[in-house]
């Protein structure tokens, strides 16, 4: 396979059995965030390891206040509260409102590892478990009910049947968390802990000031990882069957750090700080930054590193910015990075024209027009003159008078503008039929460019073109599993010889629990109420991997995060490079195999000291790593910087070759 789109001469040889990495340099970069240097914005000041046992954590808060006071002056502190979060339970640091100049001064203070703007992380948004061979009657460990899965997301809908605590005993004695309840939220013996975070921004209309989920994303991911077995679950009849998580007997702890406007880094770090100290066993984090950053300037990577130090594996989503190479944004070796794959179930939506010809599309359409035909129009023939000619169905681009009551053929990927202009339904041709489309707020089908061209010809050759759209039916995708276009690809942009993503898991058209106050689509005109929803994304793949990791831990409670990660990687099923042109950069080691994962045979384990040695080889200084870890260990003078000599016992790697060879893979 020719990798010329990302490099002229450099190609990767992917080898499946072990190790190693290249170099990077810690960046303390605060200059890119502010157009006006005197404007205060939220910065994260990361200070590494938490205070020692002989230093009470109660003294950390005054320390953070004093640091702020030293750079901004006491008068400024009195004018407005500048300290937003003080991280002290699992690691040391804080989030504060600072100007660029103040942040630069803070970066030079003793004990500071990094200072970076608190950006916005974005969410990476049944049949799937059976498809990967993880059937309902699979062998279970009696320890499963003691496993605690932590979910950092948009909260949870605790009343869902997926989170009933019927048959559950009290929480495990190791649990140290709490339920940050309110008048409209209570925990139980299934949802044993819940917290919420929003300190740097005001609450917006529709936000629920509790761990309750009003978005749907968090409820969906939590139930996918560890939801109960629920019979007759469906989205208005679609995907009907038993909904269940990977470890139905496990407990769930919820950390709501994400809202309708995204996930602030400072809130995400606060969630990690609490989750680690609360005693979760596995963390599921279906979110990530918009761009790749250095290891200790990314909230998820910092949090996951300190989770690793406490024996907690963090499963993260690869991202939804594919299919281009080098689009993965969370790639640290101490994180399990998960790509998305399809399952063999697809939702087929037929479009019938007035000439009786039928075209099949792929989209989750719950609406039934009952065979009634409506006038059919091409979006380009109904432009809003004030907005200019536009055939893509963007908001405001269509003439309400020409579109109302009709079905519209759109070049756009979702047809939002047609719905708001009064269309009865849309036929989409702006994306591949093989791609995945989540539920839309009105009747819709995605027929692709070939089908769209035929329908366009029919419109232009018929005096009164008409069409109808049928409710989706379930079909079989015989090519599955393969990686859909949205899933972010490698190679690792910071340490290229650490292969990322690690593995792939089901992430397309996944049925899971949903809050009844959140519409199945994200369109404000959608007034449907559903208890389960079908959505796609690496956000859906991540909790599948989380569930399997928790399953492995239930059989091997004393295994390290690296050992569990290794087991998942080395037992994965290889996928076809013919269906995935980017090969291992799309799917890592392959499709996750839950049944084999507890029995890997060979385990590539790694300790915290191994990761420190890895970071030494990336160019991090002894002083900096001692601050991060609290250890007195130092980087060896024998470390061969920039070479494959960091001895990280990783279960996969890539080799960078100065050659025009094609990419090869070995198992």
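Backbone N, Cα and C atoms are what each Cβ position is placed from, and that goes for glycine too.
It should be emphasised that the depicted structure is a prediction, and the values quoted were computed from it without experimental measurement.
For residue 153 (active site, charge relay system), the same-chain residues 6+ apart in sequence whose C-beta sits under 8 angstroms from its C-beta are 123, 213, 217, 218, 221, 222, 254, 255, 256, 257, 258, 284, 285, 286, 287. The active site, charge relay system annotation in TrEMBL covers 153 (among others).
For residue 217 (active site, charge relay system), the Cβ neighbour count at a 10 Å cut-off comes to 26, with all displayed protein chains included. The active site, charge relay system annotation in TrEMBL covers 217 (among others).
Residue 539 (active site, charge relay system) falls within a helical segment according to DSSP. According to TrEMBL, the active site, charge relay system annotation covers 539 (among others).
Residues annotated as domain 'Inhibitor I9' in TrEMBL: 42-124. Per-residue pLDDT, averaged along the domain 'Inhibitor I9' (42-124), amounts to 84 for this model.
What TrEMBL records for 145-590 is domain 'Peptidase S8/S53'.
Residues or ranges marked as signal peptide by TrEMBL: 1-25.
According to its DSSP assignment, residue 153 (active site, charge relay system) is in a strand.
Note on the domain 'Inhibitor I9' (42-124): DSSP counts are 30 helix, 29 strand, 24 coil. Every protein chain considered, the tally of other Cβ atoms within 10 Å of the Cβ of residue 539 (active site, charge relay system) stands at 31.
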